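Take a look at the structure set out below.
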């Protein structure tokens, strides 16, 4: 008869104290006869002796201190009738208060303040470079048209080339937005050097010169990345506090990363509430509500520092340019019921335009990766191509040429301020409705010779393709601000056209007028929400404009645009993840019937590597060497019945072979470039016990140490990792303590002895077997499989039928199945044979 654990939740049902060794009471601890009077004990140490074995074990496991002593909380003290002195009470409350402020408030405040300081420094440096460009261009243009043109091109070309070169030399991980990589990291996969200090330096310098040069990209993505790096560095800075249970919590790093992403958005738009929501939407699939307040507190501190610096630190002549607020002055009755179909139409157009933008960007990126001619010319020199595109952008935006049709001398901030203005470009002769002459000159070629609608249309078309190309360059670049500006341009075109057709308003002179700025705000929110697949844009819009009257039309257009684009294309961030082939399980698009009808048996791998009690050491050694990409192996009864008993980690099997056969270099190959969520969380704060002092062996000749975190096959933690100091009280204690046994340095073995050991059957310690790995039953839909893998951060799951192991499904199979889900739906993959060693849990190999 096969014992079958829970097929869905697996080891999630195991409590931390499930696997324990019962204590045998000592003779002096024998319980008194029933009915006997219990002696009155006044001494605290004697009262401790009256506790039962289960109570002492609970006390040891749950309240074990760093110095080997035990402490009880208030509830336990009341239950056991304990008393404490006033000094002990005050000391305990003092420690609680210190931990409360240091662990939660101080770290969150430090995250917000440091990121805000970085934001202020970057913004000031960018504005100085842009001011230098405009002033020098104006001066040289007065001297000679050609000198002005040469300087305009050289300024953009030199600044952007320097940014690309700096990122290429210091840290290539600083290139791009950063949000896709942070999204992958938060989902549980470790990407090398993406959260390092040198990446932060390269991101800051590269962003300053990229935006200071005038390249049409945004800064919100790099700021999200910078916020995540600051959060990661702060987490590493708390190493000295790792004795505390709070800092050793493996989920704390992910909470800090999520807060860092929210702070990055808050610094970009001065939107504390919208920043938290957008940071969660753009980087996390699932978010714990209890962590909301940390993110809000961090963003509030960031906003306070930002606003204080605006008034006290930043020079007055640029203080108004780096603010993210675009104050509007719409009346409360800013729209009519008759305009709601127009907002719906604007949402439909923004959704289609957002899907087209993602498609164009993907085609451009694929061309740069696959075209032979392009690779022959620029394949090994992305800096040269970046410099070429920068010069092309400079030529297109030159104010004396094509740029006069595009308002080329304006930055995104100035352009957006014009778009959301509460006036019209076309009704300039009517008092109170038309914009002032300075603002109108931006969109009429300076001399009024060009119609504003022509300028706005050219601006939208040209920047649509320029932005799609520029965010693919070898520089830090964001997509949020360019999308916001392009959406506002499209909405402004619609609003100006309506103002021309209805100069007195839809209801006539007696009714309210048409406000083109309102349509710009709605278009900005709808288009940005379509491109990024987020709904928190509505909150950001309300915070940046300072008004709530536009909330209803913004929500209407935003939801429609988001629904249309999400049905047609993935978000821009997930599209970049797919282009870079990062280890990430994409979100499912809405209304795909195939994910419900296709079952797991159609995509699982049936040819498996497994071990049993009858496996010999030779078979085990060959198996471990042949499958370096696997991190755990199913443990079955035998080859005939294939009843799944559990899972055994590769780390333990390597230790077992080392214990029997000595050091073997062939066992220490590792081809994996990243780790899954459970593996990452289970090794964040693992023991650093590999030292020659402990074992008398060099680290080169010793396998990695086992802990109660990594011995369970790296699915979910079957053993609590929070009380390592009391590990000798656990069932794993004998196994873990044998690693420090000096007798592990085996004497030389003869050929006969080695052959005898290789031919014998393996002896696997039962404590090293994860008895409940994640399992799915035959017939489980891919929708449920996707939900479990996304929610629990799984790398693989075994498929069973009445307890019999029939296959395994991993991230790689799911990613291949969902590769063309937007075009063709979920498709079963081709069967793999045993000739390919990469089967099983190799979803990220």
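Each position is counted from 1, following the chain as shown.
Keep in mind that glycine also has a Cβ here, set from the backbone N, Cα and C atoms.
If you look up TrEMBL, you'll see 55-74 marked as compositional bias 'Acidic residues'.
Per TrEMBL, region 'Disordered' is recorded for 14-76.
The annotation transmembrane segment is assigned in TrEMBL to 105-126 (among others).
As annotated by TrEMBL, transmembrane segment applies to 146-170 (among others).
The annotation transmembrane segment is assigned in TrEMBL to 200-218 (among others).
The annotation transmembrane segment is assigned in TrEMBL to 256-280 (among others).
For 292-314 (among others), the entry in TrEMBL reads transmembrane segment.
The transmembrane segment feature in TrEMBL is assigned to 340-361 (among others). With a cut-off of 8 Å between Cβ atoms, the residues of this chain six or more beyond the transmembrane segment (340-361) that come close are 464-465, 467-468, 471-472, 483, 487, 490-491, 494, 498, 519, 522-523, 526-527, 530-531, 553, 556-565, 568-572, 575.
As annotated by TrEMBL, transmembrane segment applies to 373-396 (among others).
The transmembrane segment feature in TrEMBL is assigned to 449-467 (among others).
Residues annotated as transmembrane segment in TrEMBL: 479-502 (among others).
Tertiary proximity for the transmembrane segment (514-541) is limited to same-chain residues at least six positions away from its ends with a CB under 8 Å from its CB atoms, namely 265, 269, 271, 273-275, 277-278, 280-282, 328, 330, 334-335, 342-343, 346-347, 350-351, 353-355, 357-358, 416, 419-425, 479-480, 483-492, 494-496, 498-499, 502, 505-506, 550-551, 553-555, 557-562, 564-566, 570-574. Annotated transmembrane segment per TrEMBL: 514-541 (among others), in sequence order.
Listed by sequence, the residues of this chain that lie at least six past the ends of the transmembrane segment (548-569) yet keep a Cβ under 8 A from its Cβ atoms are 328, 330-335, 339-340, 343-344, 346-348, 350-352, 354-355, 358-359, 518, 521-523, 525-527, 529-531, 533-535, 537-538, 541-542, 575, 589-591, 822. Residues or ranges marked as transmembrane segment in TrEMBL: 548-569 (among others).
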TODO: Go through 105-126, 146-170, 200-218, 256-280, 449-467 and flag the stretch with the largest number of C-beta pairs under 8 Å relative to the transmembrane segment (373-396).
DONE: 146-170
